[in-house]
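In TrEMBL this protein carries:
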- B:185-294: domain 'Acyl-CoA oxidase/dehydrogenase middle' (DOMAIN)
- B:Thr189, B:Gly228: FAD binding site (BINDING)
- B:386-519: domain 'Acyl-CoA oxidase C-alpha1' (DOMAIN)
- B:Glu504: active site, proton acceptor (ACT_SITE)
- B:566-695: domain 'Acyl-CoA oxidase C-terminal' (DOMAIN)
Amino acid sequence: MASNPYSFGETDQVLVEEKSSARIFTLNRPKQLNAVSFQMVSRLLDLFLACEEDPSVKLIILKGKGRAFSAGGDVTAVVRDITQGNWRLGANFFGREFILNYVMATYSKPQVSILNGIVMGGGAGVSIHGSFRVATENSLFAMPETALGLFPDVGASYFLSRLPGFFGEYVGLTGARLDGAEMLACGLATHFVPSNKISLLEDALCKADSNDPAVISATISELSLVPNLKEKSDCHRLNIINKCFSRRTVEEIISALEREAADKEDEWISSTIQSLKKASPTSLKISLRSIREGRLQGIGKCLVREYRMVCTVMRGEISKDFFEGCRAILLDKDKNPKWEPSRLEQVTEDMVDCYFSKINEEGWEDLDLPRRSNIPPCAIAKL
Amino acid sequence: MEKVNFRTQILNGHLQNHRHATSTAAIISASPCVSYVPPEVSEQPFSFDVSSMRKLMDGHNLGERDWLFNLMVQSKLFNPRLRGGKVFVVPDYNHSMEQQREITMKRIEYLLDHGVFKGWLTGKGPEAEMKKFALLEVIEIFDHSLAIKIGVHFFLWGGAIQFFGTKRHHDRWLSATENYLIKGCFAMTELGHGSNVRGIETTATYEANTGEFVINTPCETAQKYWIGGAANHATHTIVFSQLNIDGNNQGVHAFITQIRDENGNVCPNIRIADCGHKIGLNGVDNGRIWFDNVRIPRENLLNSVADVSPDGKYLSAIKDPDQRFAAFLAPLTSGRVTIAASAVYSAKVISIAFTLFPIISGELISSYYCSILHRYLILIFSHQISLAIAIRYALTRRAFSITANGPEVLLLDYPSHQRRLLPLLAKTYAMSFASNYLKLLYVKRSPQLIKTIHVVSSAFKATLTWHNMRTLQECREACGGQGLKTENRIGQLKGEYDVQSTFEGDNNVLMQQVSKALLAEYVAAKKRNKPFKELGLEHINRSCPVIPAQLTSSMLRSTQFQNDIFCLRERDLLNRFAAEVSQYQAQGESKESAFVVSYQVAEDLGKAFSDRAILQIAIEAENNVTDASIKNILGLLRSMYVLVTLEEDAAFLRYGYLSTDNAAAVRKEVAKLCSEIRPQALALVSTFGIPDAFLSPIAFDWVAANSWSTVEN
């Protein structure tokens, strides 16, 4: 039975349930807030590929155990691997993770992700690319990478750039947190279902016994509602977000915000400026460019580019901010990272270019995405 | 066996589909008999790095370009539509003329609000200029109307102020123009006079007692015509008029005149009418203007070369109006306007202008003007757009099996389809290098370069715009019925770009001017018995190239041969043209009428000059590349460009530059090149850097885009 991809086990990082034609995968590292590890990624990838081949499977439901859907990639493990030896181990992890993201984005069967809790970074990567994303009142979404010296990866340059106006730049650069209602409003979620109806939803989906996206969508819609946005929601700020975050460079974005702040006292503006000033300058610059390029590219190209970027980050030749960020936020938790370069203007165009170029090192190659034929149109762009 | 399997699969698909439809009776499942396979999946991996090639093709300001693409994609104003799972932005050409004009203006306001035009008139130096070009190119990829409307405001109105005006005009107008506090237009063409600006009939008469010019439209043929921006939006215009002082005509001068007030009402003594609906470019509000004793202050004369004193004295160091015009143009090329307010003019500048304009006459006013200010607008991208669409479609659409029960064949796998599209692709590459070259020439302009700029830009403008229209037509046909749909862009682009063969100088007139300029070089060289040293004619100083009697494949692909045959054609035609003109002159014809009757050779010569210049630019671009894989493909494209030109231009056989045997060898080689370029076709159109959203549904999943589920019921 070694070849059976559905082998079960309580210690598995992914739990698998089989209910009629549906498969329910549960991310199972509740103590680590279901942080996406190499093992979990590999397991999910095997499961997804096997289910695609298996004609008896019509639908995949993905959820998290405990209070998080997934708080992101297991970055501490990656940093540990790199500092102990070769950055290639980290590259291996990200490469596998991105391939999983790609398979999900081009998947031929519906994937319903139930986002009943924290969804951040790598957690967004394993859900947002799928066809259906169900938010609840417990959802908490963020792409916090710029505060960590990284950048929104896992295909975020694809899905963030497809949010309305320049909301994606805002979310990606500031690491702003969104609740379930906001996720629905901006399109990160396709549905909102109150958490007390989630088990009903699972049953209904299994009973639906269908791979037809229209049927699945109708099934979820029956239990879903449109929640009100909170009064101070970022979604009410679209005008100012578009005005400022559409600027060509990070420096111009910040000065546009500062001009707005000069006009009127506003807590939202000043906290937005604060989060930009706290983030790694290098991260901000490469993130902005990544989102801008991503808007004009397909998901495959986005992931190939992000892979170049993440490998450059891990090599640490241009900047070691990723390690410093992990130290300050995740390990020492002093929340006081010392970025290097420390100011935006010190991050030159040439430095930024390096992150987008091939890596000149023997044995390194661009991310080799699996060839996926017969991609259904609904799988190409979800947002 | 493979074919049998294929057939079985299709039949199976039919049956399953049928079963599916009866069992669920819901939406028809997306498993059509002929499924769409993205070319990225079906084609071989690229043999060269697409992004390096894009850098080479776009040349500059890639970050700014992508930023602007982003700005457009993210705004509802740019009419985003979801088709086949992808968003496309393309103007709604089904809108009425009025709606198209309105939305074009709104788009300009949006771009303005986002700082796109910052520094377009107030910025200094080559960097600011290259950035401006890059942004305008991106705008043009979205919509020609939008680019033209912006071009008129910044480059015709704004450029005239910048180059023909002096400090008082700059201070008052440049920044206001950049911020659209006023909207400018450019009233040169009249109903009765287009390319021949010296013949315009509008008058400006100076009145010393009021210190004003009085502008008049004396007759119907003097109405200003085709004035972009005049019909709806423009508040100010540059009027070109004959200046009269005390009954003396001082020639054509340019004046600033307000035509609408700040509320958009037409000013007194101005009449404006619409030019009406056009075959394309309906987002531009072309209008007609009549002036009825319109009074403007003396200061509104653009006085970089000549001025009128308050008491009505015409001030200019130059007496002859034609020569004055030459001087008028000098600041255009110096890169900066340094002339002080009055008509004082250094003798040096004037003498430079004289020596540079041995061939100039007043009739050329517009083309000279345009060659400097506006002709970079030939940096057209519609041939790139249409080729990207047609080639992507040809890589996914199949037609006819060539074996019994075999699968249908991809369009681009037919050699005939390759022959239709791939030579055009090769030409597009050559011409993209040519337009980049022209841009650089403009940016580093100097008085010494003005002749080259004028001749090269005239030749390239005609050649590129003709190539563009031809490419659009071929791509339209190559897409079959889909090419007729407006959403697929190509068909519509024909109407949108047709005007390019006419504005900024009629193509035929321009080509005649090229021949005339070459003849002037020839006469000058022969008369003084001096070598050629300009316009790339230096090759004539060397001995005449000899074309081998039996051309082999490798010879045909060598730059040596390619250069030789293009140079041979040019020098021979130049000799013939000179001989023919002087023969007519010997028979007593005037120089002008000798030109007119020698039009056949003149036309061949213009083409020969242009093709040779483009080839040399392409060779240089290729030589500057270090990456072997890119060099390799550029070599194939260059050979294709040359050989297909040899095949298409009858001059090579007519004048015997190619023997019939050699012509046959060329034809064979073109077919071979087609099959060698075929595997790179997708990569080659991917390098254009045009985002998917600016292509069209048939360039992607056209099955999904047309499926029943997308029909709004």
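Each residue's number is its place along the chain shown, starting with 1.
Quick reminder: no glycine exception, Cβ is built from N, Cα and C everywhere.
Structure with TrEMBL features highlighted.
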| residue | record | DSSP class |
| --- | --- | --- |
| B:Thr189 | FAD binding site | coil |
| B:Gly228 | FAD binding site | strand |
| B:Glu504 | active site, proton acceptor | coil |
When neighbour density is defined as the number of other C-beta atoms within 10 angstroms of a residue's C-beta, which of the recorded positions B:Thr189, B:Glu504 has the lowest density? B:Thr189
Could you state the CA-to-CA distance between B:Gly228 (FAD binding site) and B:Glu504 (active site, proton acceptor) to the nearest Å? 13
I need the CA-to-CA distance for B:Glu504 (active site, proton acceptor) versus B:Thr189 (FAD binding site), whole Å please. 11
Around the Cβ of B:Gly228 (FAD binding site), other Cβ atoms within 10 Å, all chains included, total 25
Using DSSP, break the domain 'Acyl-CoA oxidase C-alpha1' (B:386-519) down into helix, strand and coil residues and give each count. 106 helix, 4 strand, 24 coil
